[in-house]
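What follows is a set of notes on a single structure, which appears directly below.
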């Protein structure tokens with residue numbers, strides 16, 4: 001397959017994202033006014049609660065079996081390594097660039113969380129169907145590649161809605177704390193300078209109360225009874241894990257794994273003769289709306305982001321370098337090492353998918369999270385714009401290198 005043919009294949013999903021984003025930007029513009037902020041927030045909640053869990057369940061229940069999970073055991077580890085290495089690089093970049101505190105989690109998430117879903121679903125079958133594909137028979141390649149991509153999407157969603165979700169949530173807490181501090185400082189500055197001694201006395205009392213309120217969590221955490229109780233710590237940790245697992249997208253992935261791996265449950269909803277196949281069809285129909293809605297919201301946020309984003313240009317350059325220069329090199333080393341150690345099946349397409357997982361632009365669901373927690377939407381949209389513009393050339397070039405290495 002020639003470079004320009006591969007370039008065309010790799011560019012198609014990127015162009016789709018950019019075109020739909022432009023439509024979202026137009027719908028949110030002052031001329032159209034169909035996607036104002038309140039509408040975007042409501043639509044985003046529907047994506048979070050309904051569309052994304054449906055997509056996770058439908059893709060997993062249909063394409064992944066128990067045997068697949070055993071055979072492809074290295075893929076969850078490989079995706080975990082993309083998050084680990086990308087997260088470490090993002091953390092280093094944050095320490096060097098020192099962005100605003102509430103943007104730290106966003107930058108780390110952008111470096112660690114790749115678009116492991118819809119891009120692979122388009123790119124892998126397209127490469128299989130091209131003349132001169134190095135991965136054998138096109139029909140077999142497309143079917144197997146679709147399973148790889150679906151498994152990757154489900155695993156990626158699980159990582160994103162646990163690790164990335166917590167990072168964005170922490171960023172929102174930092175933003176709320178910053179806003180509260182600024183509001184308190186503004187109130188203090190606006191107080192009457194000619195106040196009476198009684199007013200100053202009340203002011204001192206108020207400040208003392210504020211200090212007490214602020215210090216309450218610290219005093220509570222140092223309570224000997226609570227600090228000495230291992231059960232309290234374990235219960236708190238388990239409660240946090242349970243909250244993460246009960247997030248709708250994670251719950252959809254877990255149910256998808258259950259229905260995909262248990263044969264009798266799978267036969268209830270999957271296949272032309274399944275008695276409850278209408279459930280799978282309905283869930284899939286809902287899931288198909290996920291990517292278009294996320295992309296429209298992304299484009300709508302881009303209008304405001306270009307006007308008011310506070311992201312530094314060096315942060316944009318840093319994210320692009322991490323995702324499209326450093327991570328792909330790490331991916332080649334990881335996959336080649338795993339293959340030499342006998343950890344991978346012999347299928348070169350599986351090796352190719354593992355390498356591509358290190359080369360993808362940031363996950364679309366990050367935009368959903370920033371909208372959900374109302375933190376960093378503008379900066380997120382700007383980062384999306386530049387990473388996806390860069391992705392077409394970067395993904396094409398690295399895919400060519402990967403196929404050359406594997407053949």
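Placement of Cβ uses the backbone N, Cα and C atoms for every residue, glycine included.
No curator has checked TrEMBL annotations; they are predicted automatically.
Taken straight from TrEMBL:
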TRANSMEM  12-31  transmembrane segment
TRANSMEM  43-61  transmembrane segment
TRANSMEM  73-94  transmembrane segment
TRANSMEM  106-127  transmembrane segment
TRANSMEM  147-168  transmembrane segment
TRANSMEM  245-265  transmembrane segment
TRANSMEM  285-303  transmembrane segment
TRANSMEM  315-334  transmembrane segment
TRANSMEM  349-370  transmembrane segment
TRANSMEM  382-405  transmembrane segment
Long-range Cβ neighbours of the transmembrane segment (73-94) (under 8 Å; 6 or more residues past either end): 104, 107-114, 116, 148, 151-152, 155-156, 159, 163, 315, 318-319, 322-323, 326-327, 330-331, 334-335, 338, 343-344, 353-354, 357-358
Based on Cβ pairs under 8 Å, which of the stretches 12-31, 43-61, 106-127, 147-168, 245-265 lies most in contact with the transmembrane segment (285-303)? 12-31
If you count every Cβ pair below 8 Å, which range out of 43-61, 106-127, 147-168, 245-265 shares the most with the transmembrane segment (349-370)? 106-127
Interface check, the transmembrane segment (106-127) with the transmembrane segment (245-265), three or more C-beta pairs under 8 A: no
Sequence-remote partners of the transmembrane segment (12-31) [C-beta within less than 8 Å, at least six residues beyond its ends]: 40, 118-119, 122-123, 126, 292, 295-304, 361, 364, 384-385, 388-389, 391-392, 395
